[in-house]
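J.: Let me begin by handing over the structure; questions about it come next.
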Amino acid sequence: MIARIWSGESPLWRLLLPLSWLYGLVSGAIRLSYKLGFKRAWRAPVPVVVVGNLTAGGNGKTPVVIWLVEKLQQRGVRVGVVSRGYGGKAAAYPLLLTPETTTAEAGDEPVLIYQRTGAPVAVAPERAAAVKAILAAHNVQIIITDDGLQHYRLARDIEIVVIDGVRRFGNGWWLPAGPMRERASRLKTVDAAIVNGGVARAGEIPMQLAPGLAVNLRTGARCDVAQLSNIVAMAGIGHPPRFFATLEACGAHPQKCVPLADHQTLAPADVQALVGEGQTLVMTEKDAVKCRAFAEDNWWFLPVDARLSGEQPDKLLQHITSLVR
């Protein structure tokens, strides 16, 4: 229903317009207060790069963060990552991730980024506190914040927006009548707009999510996902249909697709109940970090990597590395 409202297919969005106007006025006033200096943002002693969205819902932001961290690491840059830690609840904040940190404490995306990149990762509702925790424990040269475009309390040097190239901005309205956290005109002020799928427009960086080999959660064995049979697909991400379409494109044809809420807590019994005798469970990598501790032999995940095309990605990386002292 939400997808139909935000796309404009359902007329119910009109009933939510008063709340959307209120949301837009409040969010605009907050941004203006920082822009005019009525409120002060905290500036870190190292450059800060924000990777965020203008819309609610999954746009492919986490793969972009991983891509950016890995590309900077390849250039010899010491990178730290901060996040709000959605879906997690730590005993105390800021929380600096360790190999023992669970998704229940830090959230699924921070744990995934930590495991994929090995970069220092910290979570806190107040992102400045997370930055300070990393700087106190690690000699990093740059901070990447996973989400937080609208978190103006943290000053930033580079802003990168990730856009779903198929859904783009839906009906164009602020939450809750539409998907917008800020108006599309905000694109004029960011440093880069990366478009996941669909057709990129002038000045935007095209991106595709490239699937790798399926990985067994228990053994680490790898195989072409099309070789798996009797698949039940599970996706607890911002836009589950994207994952199901990826499986189809890879030649894997699920018998059943189970969409879950983004950052949803997964109980062992609930996940086990999805898979019948002789079936194979295939999930996203973000779900896998929550399920690995209780995984069965026939559970697999399909990793995806961001692939950015054209000359603009290299120019963006050069611009970012030029800020590093």
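Including glycine, each Cβ sits where the backbone N, Cα and C put it.
Not my notes, these are from Swiss-Prot:
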type	residues	note
BINDING	T55, A56, G57, G58, N59, G60, K61, T62	ATP binding site
J.: What other residues of the same chain, not counting T55, A56, G57, G58, N59, G60, K61, T62, have a CB atom within 8 A of the CB centroid of the ATP site?
T.: N53, V162, D164, G238, H239
J.: Looking only at Cβ atoms, how many others are within 10 Å of the one on T62 (ATP binding site)?
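T.: The answer is 26.
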J.: What's the most sparsely packed of the binding-site residues T55, N59, counting other C-beta atoms within 10 A?
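T.: Among the binding-site residues T55, N59, the lowest count of other Cβ atoms within 10 Å belongs to T55.
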J.: Do any residues at least six apart in sequence from K61 (ATP binding site), in the same chain, have a Cβ closer than 8 Å to its Cβ, and if so which, in order?
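T.: In sequence order, the residues whose Cβ lies under 8 Å from that of K61 (ATP binding site) (at least 6 apart) are V51, G52, N53, D146, D147, V162.
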J.: For G57 (ATP binding site), which residues in the same chain are close in space, meaning a Cβ under 8 Å from its Cβ, but six or more apart along the sequence?
T.: D164, R167, P179, G238, H239, D262
J.: Which residues, sitting 6 or more apart from G60 (ATP binding site) on the same chain, put a CB under 8 Å from its CB?
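T.: In sequence order, the residues whose Cβ lies under 8 Å from that of G60 (ATP binding site) (at least 6 apart) are V162, D164, I194, N196, G197, M207, L209, A306.
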J.: Only counting partners 6 or more residues apart, tell me which same-chain residues put their Cβ under 8 Å from the Cβ of A56 (ATP binding site).
T.: L175, P179, R181, G238
